[in-house]
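Report on the structure given below.
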Amino acid sequence: LMVVTSNADRICTGITSSNSPHVVKTATQGEVNVTGVIPLTTTPTKSHFANLKGTKTRGKLCPKCLNCTDLDVALGRPKCMGTIPSAKASILHEVKPVTSGCFPIMHDRTKIRQLPNLLRGYENIRLSTHNVINAETAPGGPYIVGTSGSCPNVTNGNGFFATMAWAVPKNNNNKTATNPLTVEVPFICTEGEDQITVWGFHSDSETQMVKLYGDSKPQKFTSSANGVTTHYVSQIGGFPKQAEDGGLPQSGRIVVDYMVQKSGKTGTITYQRGILLPQKVWCASGRSKVIKGSLPLIGEADCLHEKYGGLNKSKPYYTGEHAKAIGNCPIWVKTPLKLANGTKYRPPAKLLKERGFFGAIAGFLEGGWEGMIAGWHGYTSHGAHGVAVAADLKSTQEAINKITKNLNSLSELEVKNLQRLSGAMDELHNEILELDEKVDDLRADTISSQIELAVLLSNEGIINSEDEHLLALERKLKKMLGPSAVDIGNGCFETKHKCNQTCLDRIAAGTFNAGEFSLPTFDSLNITAASLNDDGLDNHTILLYYSTAASSLAVTLMIAIFIVYMVSRDNVSCSICL
């Protein structure tokens, strides 16, 4: 008799199961439950403004200039002269229209309120040590440089702004009306710097205009630099007396403007009576990013955000209010985003005894196996020992590396978009550095959609890569098992030996050696001879005789039936002779 011994177990590749699924969005599959996620967004809360980490942050233009507005510093008010520290980031903290505590200025006739903002846009700012024009000998002179009691100096004597010289005709001979005169404004800063030149003109009542300049008619003024030309006509009379910062009341007004001269470029000013000629100029270089905020600056932060203040970046993206931000900032997106950090969610697969082997294999592909500690992909063994599970850490690490690569790619996308957002702001450093909100919002919406699509595609790739990892596991398993197992499909192999938890752990660790496990012995035929005993026929012998007789009878009957069939078909003739 032949006896065959089977010790076969079945080993399959598989994916872990989880009882706490999360949901991610994908490009083609919609929302998919996965075993883990990496949140990519946060919703910040409002905080105070802070110094930007890793760089100098400028609050007031001149921190040591007490009781001075930034416009006072920018115009060179006598009591507000000081050093402006260098900075790569600046806070636009004066949100209301700001005046200067000196001679009354008609701020709304020019862009002069933007001058402090312009200066904030530079990293390095210094006031020249000498004057750009000799005001006393300028065309239309000689002049005396006028001062005012409403603009006291540090000794409380009469003074005036350091950036301008009030050119008053020196004697009665030149206190007359004049045709437009032109003066060149040379570039006196260092090569590579921008020169910001401040100038203006004085207007007063008809009586005062005649007294100071010999002409009561409106005067014309023009400035030109870098292809930008600006025209003004003075307004005569009709001003109520006004005092600034406790100074003497004044019936007159001054109009102040500025021009930006690029390195080596000359500017021109065409004027009549009442000119405020340029004197000391601002020399500026480098770029400092400007953002609206508030003082004081408390502590440090990764990012400064107009709506939320100082933020420390914990996620690459944020939801909530969109606004301008500078520094190492998250990018605004419309909806929360999550990156898949695991496998597609599968409920625990049913055991063999519940579904049968092939049913369990199908369930294994549809479901997952519990017990793969610290791993997403691995192996299961089915046999007399029950079900053993072991995680394959290498394939799990490869999956994690792919997710990390996706995360880094999204971070690179974030940096590029951040540069794109701030780039336009840098290019407008000669202006107030504010973009139209509608244009900015449209740009933000576009970038948000790009980022959301990138995350959807990343999730799609991560989830779809499960098949790739399982196929790699299957090839690895097949190579390790070698001739000790038979491939039965669906990522499963039937082994010719037992494979318990120890065996499975070695497979997962890549140290499996089939020779260490006992292979089964196959006896192709085990024949036991029958023998006659002295006691006569035993049961085995009787059974043998019975079998022989029954077989002979069956053969005889079959032959007889065949002959009868052939005769009936006339294929065989039968002759009987006596």
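Each Cβ is built from the backbone N, Cα and C atoms, and glycine gets one as well.
Of the listed cysteines (Cys80, Cys102), only Cys102 is recorded by Swiss-Prot as the disulfide partner of Cys151.
Feature annotation from Swiss-Prot across Asn312, Asn571 places N-linked glycosylation site at Asn312. Per Swiss-Prot, Cys68 makes its disulfide bond with Cys80 among Cys62, Cys80. A gap of 81 Å separates the Cα atoms of Cys503 (disulfide bond) and Asn67 (N-linked glycosylation site).
Within 10 Å of the C-beta of Cys503 (disulfide bond) we count 24 further C-beta atoms, all protein chains included. The most crowded of the glycosylation sites listed here (Asn153, Asn341) is Asn341, judged by how many other CB atoms sit within 10 Å of its own CB. Cys151 (disulfide bond) has a Cβ environment of 24 other Cβ atoms inside 10 Å. Per Cα geometry, Asn33 is the residue among the recorded positions Asn33, Asn67, Cys68, Cys102, Cys151 nearest to Asn500 (N-linked glycosylation site). The shortest Cα-Cα distance from Asn67 (N-linked glycosylation site) to any of the recorded positions (Asn33, Cys102, Asn174) is found for Cys102.
Checked against Asn33 (N-linked glycosylation site) by C-alpha proximity, the recorded positions Cys80, Asn174, Asn312, Cys499 yield Asn312 as the nearest.
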